[in-house]
Amino acid sequence: MSGPVLTPDLCVIGAGSGGLSAAAGAVQLGASVVLVEGGEMGGDCLNFGCVPSKALLAAGARGLGWEDALAHVREAIATIAPHDSQARFEGLGVTVIRAWARFTGPDEIQAGETRIRPRRAVIATGSSPAAPPVPGLETVPHLTNETLFDPRPRPGRLLILGGGPIGIEMALAHRRLGCAVTVIEAGRALGREDPEAAALVLTSLRAAGVEILEDAPVARAETTGTGVALIAEDGARHEGDALLVAAGRRPNLDRLDLAKAGIEAGPAGVRVDRGLRSTNRRVYAIGDAAGGPQFTHVAGWHGGLVVRSALFRLPIRTDRTPIPRVTYASPELAQAGLTEAEARDAHGDRLEVIRETFSGNDRAVTEGATEGFLKLMAVKGRPVGVTLVGPGAGDLIQPWVLAMSAGLKLTAITSMIAPYPTRGEISKRAAGAYFTPRLFGSPWPKRIVRLLSKLP
Ligand SMILES: Cc1cc2nc3c(=O)[nH]c(=O)nc-3n(C[C@H](O)[C@H](O)[C@H](O)COP(=O)(O)OP(=O)(O)OC[C@H]3O[C@@H](n4cnc5c(N)ncnc54)[C@H](O)[C@@H]3O)c2cc1C
Ligand SMILES: NC(=O)c1ccc[n+]([C@@H]2O[C@H](COP(=O)([O-])OP(=O)(O)OC[C@H]3O[C@@H](n4cnc5c(N)ncnc54)[C@H](O)[C@@H]3O)[C@@H](O)[C@H]2O)c1
């Protein structure tokens, strides 16, 4: 094969959330970096994921019309795009190649005409919408997150196959923009979340007019005269003029020729150890391609970790850090660390669960927005999980993410002075409630106070 041969310290395949973090970190530490991107710089999050979905939600909340909402989505992407652009990365000193990469051997990657023989490589190729095995779906016209934000007419009734985070967030966005929406979910909608928190979100979505059908596996899809129909296993037929398939993801590995490099993978992604190394020790896999939790902040965190490992040869591990997630529904649902059920499995009787509602939060009362609660899972004076549902939950959960990643005790939260009146006071109140029975329910503090009161 002719063409140039590059021998960088690091070759990163994929310029999404994970790949960009790895490339930016490595080049700024003095490494030579080649970044290969076959599609759009910025990957899913910027172009077809987080950014357009949150922009569409916000456009609906602001009461924009359909055309203005789609224009706002394009504007949001365009405003953020320079940060992820080829020009910015070349400015940092990264060699950017716009081509699809594939392995040609254990230590060689081909990208267009260029051959790359890096010291270390990172697979950061992300994921794509999975097509569920529903007969008829292959021929029925449908949207996925890759086409949902393109210019298109407003659907009168949108059917959504799948009630995970994409299905639920996009149901809310379309409802806000005036569409009738039906979500059809095989199991429980938001099935990964704490059931009580998910129920609150789903109740509010139903109250806003979204139809959500649970325990309704879709068995068949058909094209109708005016659009599409989904037929559930129980025979119920649901018709709409557009269909969004949001039924999970599959890793983007087909183009990579992994076997040539001795890299093993399964349906979830590249097989990696807890240090993100694949079965080829010189090749890491990060983000959605690595088969773990699929979030931008996880991909970005992975990007930082592999720089640490590849450049400084420092040990890294991914199995000890609590990973937060937020579903941007109304109200928001945020989770840090373990859910109650997970904490119960992990800690059994040692687990204490404390629940505080926003109806006891003065700011929420003054705003007349008291829906939601915080659930704290604590073991021996330390938080192991927090579920927060309510307006701004994604921001309110951050002190708990800090507390858990830094291994802080609940006293770190109780000793903080929380400004009054803020919704964030709910955290201090929950942490305080952990100590209430210990302090006021035990005879010892009272005995000590009595004893001391006898002293001059
Ligand atoms: C609708 C939607 C909403 C979402 N909302 C959120 C959210 O609010 N918060 C959140 O944290 N996460 C969200 N996510 C998830 C988030 O987008 C992903 O977890 C994140 O983008 C993963 O980053 P990544 O770097 O692993 O992959 P990507 O960002 O997908 O980047 C992978 C890149 O690799 C390129 N590529 C693939 N194969 C090759 C190849 N062979 N050669 C060269 N380049 C290649 C692709 O073109 C792509 O640009 C959302 C996802 C979707 C679909
Ligand atoms: N706010 C966020 O952070 C955010 C937002 C959107 C997406 N994401 C990420 O993207 C990932 C993918 O999201 P998703 O919602 O596509 O996937 P998902 O796997 O979370 O949910 C897909 C849902 O589709 C259902 N389903 C599958 N086949 C079905 C069938 N035949 N009939 C009816 N229902 C069926 C599943 O039971 C599941 O509940 C998420 O796991 C998340 O990590 C994150």
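Note that Cβ sites are derived from N, Cα and C of the backbone, with glycine treated the same way.
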According to TrEMBL, K54, T125, G126, S127 bind FAD; which of D257, D273, D288 is also listed for that site?
D288
Do you know which of E146, E185, E264 TrEMBL groups with G162, G163, G164, P165, I166, G167, I168, E169, G248 in the NAD(+) site?
E185
Annotated recorded positions C45, T125, E185, filtered by Cβ under 6 Å to ligand 1:
C45, T125
Around the NAD(+) site formed by G162, G163, G164, P165, I166, G167, I168, E169, E185, G248, list the extra residues of the same chain whose Cβ is within 8 Å of the site's Cβ centroid.
I160, M170, V183, A189, L190, A246, A247
Could you check which of the recorded positions C45, C50, G164, I168, E185 is the closest Cα neighbour of S127 (FAD binding site)?
C45
Whole-number Å value for how far C45 (disulfide bond) lies from K54 (FAD binding site) (Cα to Cα):
10
Hey, of the binding-site residues listed (G126, G162, G164), which one tops the CB count within 10 A?
G126
Please go through the recorded positions C45, G164, E185 one by one and keep those whose C-beta falls under 6 A from any atom of ligand 2; give the result in sequence order.
G164, E185
